[in-house]
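Annotated features, as they stand in TrEMBL:
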TRANSMEM  38-61  transmembrane segment
TRANSMEM  96-118  transmembrane segment
TRANSMEM  125-143  transmembrane segment
DOMAIN    142-426  domain 'NADH:quinone oxidoreductase/Mrp antiporter transmembrane'
TRANSMEM  149-166  transmembrane segment
TRANSMEM  178-200  transmembrane segment
TRANSMEM  220-241  transmembrane segment
TRANSMEM  283-305  transmembrane segment
TRANSMEM  312-331  transmembrane segment
TRANSMEM  343-362  transmembrane segment
TRANSMEM  382-405  transmembrane segment
TRANSMEM  417-443  transmembrane segment
TRANSMEM  464-483  transmembrane segment
Amino acid sequence: MHLIESLPTGIPYLSLIWLVPLLGALVIMFLPKEQKQAMRIISAVVATISFGLGLLVFFAYDPNAAGYMGTKMQFVEKLDWVPQLGMSYLVGADGISLPLIVLNGLVIFTGTFISWNIEDRVKEYFVLLLLLVVGVYGVFMALDLFLMFVFYELAVLPMYLLIGIWGSTRKEYGAMKLTIYLMVGSAALMIGMVAIYVVGGTFNMVELSQRVFSLEFQKIFFLPVFVGFAVLAGMFPFHTWSPTGHVAAPTAVSMLHAGVLMKLGAYGALRAALWLMPNGAQFWLPGIAVMTLMNVVYGASIAMVQKDFKYVIGYSSVSHMGLVMLALASMNETALNGAVMQMFAHGVMTALFFAVVGRMVYERTHTRQLPELGGLMKVMPFAFVVFIIASLSSMGMPGTAGFMAEFTIFTGVMNQYPLVAIVAALSIPITAAYVLRVGYMAFMGEVKDPHYHDLPPLTWQEKFSGTVLAIVVIGVGLFPSIIMDYIATGVQPIAQRMIDLAGR
């Protein structure tokens, strides 16, 4: 008997995943501001429960069972919201969304412990952090276009305040730039979403996926929907907000920003644009594939020359997300499998990177400038070890989560755009070069500053978070089928529909 059959029925498992952090935010809101430790504990508890529920749903999912309206969607919950306008609270999960739900839970679970040192406006910080997580969870679950847009906005708005209040370098500039870019993306998304509703008569994405829009309609409105989400994924030429936002954000927010929020953009592009308008995708994606090379190669090249530790990781994220968008543009099953796997692998890897850079290193040395660092391996060996694990995954080394993701992407892209794949492959040695450069400058050699010998030791919260993320990077790398088997069941129907309707 499969686990899903043994679960009690009638329980809204998916809704509970986002309602638990929402409830936690409400409880924290009514606590006296002096109760800082209670706020931290409540945040950690609700993050743990939410993460646990996500894991339960993940392992209970039956990839062989039929789901909602003939799809692979399971754990579906539907409640009429505004039936006159075809709006409903409709959520579900398949092999694409489930790994990302788990990723979001993992990052907020570890990010809560990384945030243990926050002292300024603790109440507001954790309330906004949990609201951000609620929005991301909702986007990954939503099967109603309007509901997805509502959760999308809920994910974006707290980010502005989190960066603007608790950020570091140029935090006001970073917060404003991020907000302007993402609001432009929201406007484009709204245009496409309304057009789909006017023609399709509903916001139900499963129903919409079973309809065939005219070729002209798809050519026109695929672009605003795709661009609306691609902005959030940091795709060229809408990428410049991303490294700036990474650098300005506090550590846990950087972990969520790069680890999860950018994946929200790629996920939305796959779910709302490619799934609903495959003919429009066929028209636009060859050009988009070429544009993603700027992300992949340019992002890696810029990371190579950065002197700010966080900027290196920020531009690295632009490069790695370029691979995801390139895989989406390839429109074949292998590449799409790799795209979702890369979303998960990069999410865990970059969360680990920012935990090391932002919390373990910067909070102690008070500098992110690589020329001012050096010899940190001698004073914080744990940070060095987990940094190396994240670096190996970034380089796509076998035995790490990044290997299977990049291997699958390049295999799929090579089948569709051989020349583009060859050019994109230039990012592999460049990535190895900047990762090794950063590792050498920050951790190797003699200790640059004698004060570094007196740095406070890492806290148990930091070691715990780093250990959990490192274990996931290695565990998924050694046993990729844990994730890939689920992804394949979600990607296959979408890929088949794209192939059938696009005439491939």
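Heads up, the Cβ atoms here are built off N, Cα and C, so glycines get one too.
Long-range neighbours of the transmembrane segment (382-405) within the same chain, counting only residues 6 or more positions beyond its ends whose Cβ lies under 8 Å from a Cβ of the stretch, are 316, 320, 338, 341-342, 344-346, 348-350, 352-353, 355-356, 360-361, 376, 428, 431-432, 435-436, 438-439, 442-443, 458, 463, 466-467, 469-470, 472-474, 476-478, 480, 484. Nonlocal intrachain contacts for the transmembrane segment (178-200), taken as residues 6+ away from its ends with a CB within less than 8 angstroms of a stretch CB, comprise 85-86, 145-146, 149, 152-153, 156, 159-160, 163, 207-208, 211, 213, 217, 220-225, 227-232, 238, 240-241, 244-245, 265, 268, 272-273, 276. Long-range contacts of the transmembrane segment (464-483) within the same chain: residues 99, 106, 109-111, 113-114, 341, 344-345, 348-349, 351-352, 355-356, 360, 382-383, 385-386, 389-390, 393, 398-404, each at least 6 residues beyond the stretch ends and with a Cβ under 8 Å from a Cβ of the stretch.
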